[in-house]
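Enquirer: Pulled the feature table from Swiss-Prot, pasting it below:
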BINDING   6, 7, 8, 28, 58, 112  substrate binding site
BINDING   7-8, 15-20, 44-47, 63-66, 93-98  NADP(+) binding site
DOMAIN    2-157  domain 'DHFR'
């Protein structure tokens, strides 16, 4: 199994505000689709609720401690240990608590860095480039729908870190 994080954060590592993304960036949604189609997304229940439905053409797994949680098209797990039982390429998809729990266990991270500062109440955990090697860094294209400068980073964990 390959275990990756996929996330977008601003310069202050904001990832959300009031259970929503603080920005609208279609390029990032397209990037997520390209990377995760055919693979597995693991997200916490509140993240799933903010999306409202399973993302198509991938396995959607929701981590929750609510025994009554059920949604068509979603597999439910109740512990972090169950993530290790998944196969294929697994993407950790948020939110904050799940990122905090998994950042030291993932092989790599796909990060969209939003070049701005947004109001937020949820954050991506701190990370340093001491532990991560930049595999690629691509500037996002700006247009009438994508007006916020952004960079797509692929970071790979350094050996022994």
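Keep in mind that glycine also has a Cβ here, set from the backbone N, Cα and C atoms.
Tell me about the surroundings of these features in the structure.
Expert: The Cβ of residue 58 (substrate binding site) lies under 8 Å from the Cβ of 36, 37, 38, 39, 40, 41, each of which sits 6+ residues away along the same chain.
If you take the C-beta of residue 66 (NADP(+) binding site) and look for same-chain residues 6 or more apart in sequence within under 8 angstroms, you find 45.
For the domain 'DHFR' (2-157), the predicted model reports an average pLDDT of 98.
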Enquirer: Tell me which of the binding-site residues 16, 19, 63, 98 ends up closest to residue 28 (substrate binding site) in space, Cα to Cα.
Expert: 16
Enquirer: When you put residue 7 (substrate binding site) at the centre and draw a 10 Å sphere around its Cα, which of the binding-site residues 19, 63, 95, 98 have their Cα inside it?
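Expert: Matched binding-site residues: 95, sequence order.
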Enquirer: Far apart in sequence but close in space: which same-chain residues, 6 or more away, have a Cβ under 8 Å from residue 8 (substrate binding site)?
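Expert: Residues satisfying the criterion: 15, 21, 23, 25, 28, 111, 112, 113, 114, 150.
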